[in-house]
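Marked as 5-amino-6-(D-ribitylamino)uracil binding site by Swiss-Prot on the basis of sequence analysis: 40, 74, 75, 76, 98, 99, 100, 129. What Swiss-Prot lists as region 'Disordered' is 1-23.
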């Protein structure tokens, strides 16, 4: 008696040679993204911007279509995001900042995230958060490098979420316009 053969299906990106470029869906329309970054702890947060741009370009958005805006701190991010969303110039907005534990961390982080969600829902411009609130950040301590790495990883993650959401919304808007949904 022989057992039935099974075939393993793998993701082509996992089996592609390291030099092969990955292929992503193309956007039907040009996309423009605003990246609003806190300048507080810029040396830690900057990796988020750098990895975001690298990844978003790989996903099909031209680097010249990604604009960087710096604000003093994370608390100032939502107002800038709202003003940028109201211009209708951007198809997506990313927020990046570091909220340091000073007794108000929970209040500031919750306020910022809720405000970003409110902007997104009111304007229908997707807003992505790379605002981090570590419990143990001290400038100059050995864990500073850990947080730099975290922001670099977060930048790539938010680029993927941004591109995937823009593609999803583009399809959804097309279906709505066609009366399918």
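Just so you know, the numbers here start at 1 and follow the chain as drawn.
Heads up, the Cβ atoms here are built off N, Cα and C, so glycines get one too.
Given the structure is predicted, the values throughout are model-derived calculations rather than measurements.
Sequence features, as recorded in Swiss-Prot, placed on the structure.
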{"residue": "40", "record": "5-amino-6-(D-ribitylamino)uracil binding site", "DSSP class": "coil"}
{"residue": "74", "record": "5-amino-6-(D-ribitylamino)uracil binding site", "DSSP class": "helix"}
{"residue": "98", "record": "5-amino-6-(D-ribitylamino)uracil binding site", "DSSP class": "strand"}
{"residue": "129", "record": "5-amino-6-(D-ribitylamino)uracil binding site", "DSSP class": "strand"}
**OP:** Would you work out the biggest C-alpha to C-alpha distance among 40, 74, 75, 76, 98, 99, 100, 129, the residues that bind 5-amino-6-(D-ribitylamino)uracil according to the record, and give it in angstrom as a whole number?
**Re:** 16
Original post:
For the binding-site residues listed here, 98, 99, 100, which shows the highest count of neighbouring CB atoms within 10 A?
Top reply: 99
Original post:
Of all the binding-site residues given, 74, 129, which has the fewest Cβ neighbours within 10 Å once its own Cβ is left out?
Top reply: 129
